[in-house]
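Data block below; observations after.
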Amino acid sequence: MNPNQKIITIGSICMVIGIVSLMLQIGNIISIWVSHSIQTGNQHQAEPISNTNFLTEKAVASVTLAGNSSLCPISGWAVHSKDNSIRIGSKGDVFVIREPFISCSHLECRTFFLTQGALLNDKHSNGTVKDRSPHRTLMSCPVGEAPSPYNSRFESVAWSASACHDGTSWLTIGISGPDNGAVAVLKYNGIITDTIKSWRNNILRTQESECACVNGSCFTVMTDGPSNGQASYKIFKMEKGKVVKSVELDAPNYHYEECSCYPDAGEITCVCRDNWHGSNRPWVSFNQNLEYQIGYICSGVFGDNPRPNDGTGSCGPMSPNGAYGVKGFSFKYGNGVWIGRTKSTNSRSGFEMIWDPNGWTGTDSSFSVKQDIVAITDWSGYSGSFVQHPELTGLDCIRPCFWVELIRGRPKERTIWTSGSSISFCGVNSDTVAWSWPDGAELPFTIDK
């Protein structure tokens, strides 16, 4: 074989090898493409099933919180949550907050709170003793967790707020703006649905605890006017975040602030703060048409702070030590009442629950049950009610619950900031225990030194 033939033969062999290799590569590509198409096709077929399941789950999850049941019979209070946010905040990213409250849907309970746009142990925590600023926002996190940027959900810009769930979506009410012209922004499922303008131009404010929902309608109480004299008070009825009706209370010589409201047998009862001249708590109860009754808790076991020593009560405002006050709550059971209050008569310290079997209508100071919650040597603060509906608990009654704010920092302690943690309890008809569940943080922090 001459050299030219050798070259032609070698070239032919290389060409054949190249063609075979190319065909193998093409076959490999086709095989991969077919395999991918089959997998993609399977995924496309599965997605409608997944979406169908998701939509079905949502449809089942959406209910109407009827609120028609009565409050559950209870004999005491079982501890429900404690977030330890100040202790955790000494080294972790935890919001500076005040006015925490709890509200439950048919699926979960969440802690709502008013931030100061700052974290604990940070320079922006300085001066956060101030109640109303443009930096304050309503946020929420799962109950029992310390509120941080990593687990919290923005709800509204607000220095006064309320929130509740009707079985379909969360309703939030956030008040912000200047003292002489604040506006409440209503959101339903996170979307602005309505607004309420200050009608007396004097610090429009609301509950700082959950609103109450019955049969798809939700209700709240707002105040506008002096904190130390006659003000104006309105009940609002809302449906899917829109105000459908309101009524102004005819309540001369009454003072309502920061009401704690709950449903009971299809009606709403609110127990509030008298910052003008009452050391006992005013109440307002109303039906779904906003037909209302008003009064004061008659018991000689006084519920506000500051207050006189227990004695003879009144079904009107108790004037001794009646000025100023603190947000609180009570639960009515017929003529009886569970009263939550600070242990101290003149400072926001300690907390206890007292059962007065005749206290809603009777003026004596006798009671049959007292359960310690926080020792008098530890700080407390605001407190308020919330409920767990049968749709959440599976019970045939509405479970009464309450939370207590444990304020730390200014003005009572040597810090540059004011914040708080919270604890909560729910009513049970079984064994409970009296103890002290204080905030427990060691102050001052590094930023305070």
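One is the number of the first residue shown, and numbering goes on along the chain from there.
Cβ coordinates are placed from backbone N, Cα and C, and glycine is handled just like the others.
Quantities reported herein were computed from a predicted structural model and do not represent experimental measurements.
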(message) Record says ASP274, GLY278 bind Ca(2+). Source is Swiss-Prot. Which of ASP250, ASP264, ASP304 does it list for that same site?
(response) ASP304
(message) For the substrate site that Swiss-Prot describes with ARG98, ARG132, GLU257, GLU258, ARG348, which of these is also annotated: ARG87, ARG110, ARG153, ARG273?
(response) ARG273
(request) Consult Swiss-Prot and report which candidate among CYS109, CYS211 shares a disulfide bond with CYS164. (result) CYS211
(request) Return the residue, from the listed disulfide-bonded residues CYS104, CYS109, CYS315, with the maximum count of other C-beta atoms within 10 angstroms of its C-beta. (result) CYS104
(request) Take the region 'Head of neuraminidase' (71-449) and average the pLDDT across it for me. (result) 97
(message) On a simple 10 Å Cβ count over all chains shown, which one of the disulfide-bonded residues CYS72, CYS213, CYS401 is most densely packed?
(response) CYS213
(request) Count the Cβ atoms, other than its own, that fall within 10 Å of the Cβ of GLY278 (Ca(2+) binding site), considering every protein chain shown. (result) 28
(message) Would you identify which of the disulfide-bonded residues CYS211, CYS261 has the most other C-beta atoms lying within 10 angstroms of its C-beta?
(response) CYS261
(request) List the Cα distance (Å, whole number) between CYS261 (disulfide bond) and CYS211 (disulfide bond). (result) 6
(request) Round to the nearest Å and give the CA-to-CA distance linking CYS315 (disulfide bond) with GLY278 (Ca(2+) binding site). (result) 11
